[in-house]
Amino acid sequence: MSQTEEKKGIGRRVQAFGSFLSSMIMPNIGAFIAWGFIAAIFIDNGWLPNKDLATLAGPMITYLIPLLIAFSGGRLIYDLRGGIIAATATMGVIVALPDTPMLLGAMIMGPLVGWLMKKTDQLIQPRTPQGFEMLFNNFSAGILGFIMTIAGFKILAPLMKFIMHILSVAVEALVHAHLLPLVSILVEPAKIVFLNNAINHGVFTPLGADQAAKAGQSILYTIESNPGPGLGILLAYMIFGKGTAKATSYGAGIIHFLGGIHEIYFPYVLMRPLLFIAVILGGMTGVATYQATGFGFKSPASPGSFIVYCLNAPRGEFLHMLLGVFLAALVSFVVAALIMKFTREPKQDLEAATAQMENTKGKKSSVASKLVSSDKNVNTEENASGNVSETSSSDDDPEALLDNYNTEDVDAHNYNNINHVIFACDAGMGSSAMGASMLRNKFKKAGINDITVTNTAINQLPKDAQLVITQKKLTDRAIKQTPNAIHISVDNFLNSPRYEELLNNLKKDDQA
């Protein structure tokens, strides 16, 4: 394996790990928001104080949300059975530390117990006497839950207490030393590299929940989610940009600022690497502003949209929220404008920067790809890469795996029994949802009413999936998750000629 291929493999594994972390948190964002509303509205200093309803906030953050996260983590590993036992075992960690929201503990216990349940079943089921299946299944799950609950109480809880203490001390040290803005030096570049979800949902959300439970709000929820720095970059392109970058920056600004999809501005930074300075300084400004005003959110601001910021702003602190976003955008804009005004034009264009970003992320970005496709209606197919070596294993070589499944030849498959199409992406909430919505509209216009179109995360693809549509960089993972399904690869979810090819094939099979 060449060094380049090895780096790509490592990148895929890192991206998969980051996706797994965010897949535990993102499906439960609704619960976070519900808890945030209850805390923001009904507590003593809320919008409508109510002592009775305020009592809901504590149990929700202490029990409900950690259990949901543990269930999600266990289910990702071993479906419903893994999720149930994972949630059961996580009670040990929660009860051991009732004053600390055990989100980090749940993120560890959930996948671990799900994996142990899977291995336990693999060991016991082949040795189970006929007629005793239910007995063995129930007792094996119960015994594992019993053991892991005690392990969580006696082993993981003290470990979590130590880890949370170290992390809390580090964050508090930065706060007291007025150095918290320096975190942006790492956070802003890491977002653009591919770690935005892993950072926000894997680090700041658990720590922020602990702070919010103790202090009522947390500044940590604002560090990665502030839409100001990205808006400043896009505003600079609107005024000082040229060509495709300028033309697409207006739509990108709306998607980023109001929709909260931050990845839309990543290619604009990659086009001019000096713009990393702009987003870092913008991020530092936002954090410094919120630190100076004592601002924070009661729950995660996800997605990082200005609308979400407005809805989550605590009573009496709306102006503080506006100030943090405005100053972050202003500093980012001024620095970006100076860079664009007084430096040479970049050698690479928006298309190349988008490709660079996608290569770095280890996957296609349908939102970023729309930047390129919206400026021109020509959609060119990728040229076939070189012949795959006969000695390559399709499991190790994604290109060979895609060739074996004919993922780019829509006409090569039989669609007679298809009644469900699934769009799958990393987290199952953003780009795949847009792709599914687009195909549903196409089906509706074509009179195809007997086929359901849904979206999900790759890790949550059902084993009985019939037809799965993914972006090319993710198709190999989807195939390994559902090897018996038909798989179609697209360059981006928002503009692919394969949708029309699929429609034509479905119509033919329906008429036949």
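Cβ atoms here come from the backbone N, Cα and C positions, even for glycine.
The transmembrane segment annotation in Swiss-Prot covers 29-50 (among others), and the record cites similarity to another entry as its basis. Proximity of distant same-chain residues to the transmembrane segment (29-50), defined by a Cβ-Cβ separation under 8 Å and at least 6 residues beyond the stretch ends, is recorded for 56-57, 60-61, 64-65, 68, 205, 212, 216, 297-300, 302, 312, 314-315.
The feature transmembrane segment is assigned by Swiss-Prot to 55-75 (among others). Non-local neighbours of the transmembrane segment (55-75) in the same chain are 23-25, 27-28, 31-32, 34-35, 38-39, 42-43, 82-87, 89-91, 93-94, 98, 101-103, 105-107, 109-111, 113-114, 117, 209, 212-213, 460; each lies 6+ residues outside the stretch with a CB under 8 Å from one of its CB atoms.
Under the heading transmembrane segment, Swiss-Prot lists 140-161 (among others). Tertiary proximity for the transmembrane segment (140-161) is limited to same-chain residues at least six positions away from its ends with a CB under 8 Å from its CB atoms, namely 81, 84-85, 88-93, 95-97, 100, 102, 104-105, 108-109, 112-113, 116-117, 120-121, 124.
Annotation comment: Swiss-Prot describes 171-191 (among others) as transmembrane segment.
Beyond the ends of the transmembrane segment (279-298), by six or more residues, the same chain brings 36, 39-40, 175, 178, 180-185, 187-189, 192, 208, 211-212, 215-223, 226, 228-230, 232-233, 269, 312-314, 317, 320-321, 323-325, 327-333, 335 to within a C-beta distance below 8 angstroms of the stretch. What Swiss-Prot lists as transmembrane segment is 279-298 (among others).
Residues or ranges marked as transmembrane segment in Swiss-Prot (evidence: similarity to another entry): 319-340 (among others).
Per Swiss-Prot, region 'Disordered' is recorded for 355-402.
The annotation domain 'PTS EIIB type-2' is assigned in Swiss-Prot to 419-512.
Of all Cβ atoms in the protein chains displayed, 28 besides its own lie within 10 Å of the Cβ of Cys425 (phosphocysteine). Under the heading phosphocysteine, Swiss-Prot lists Cys425.
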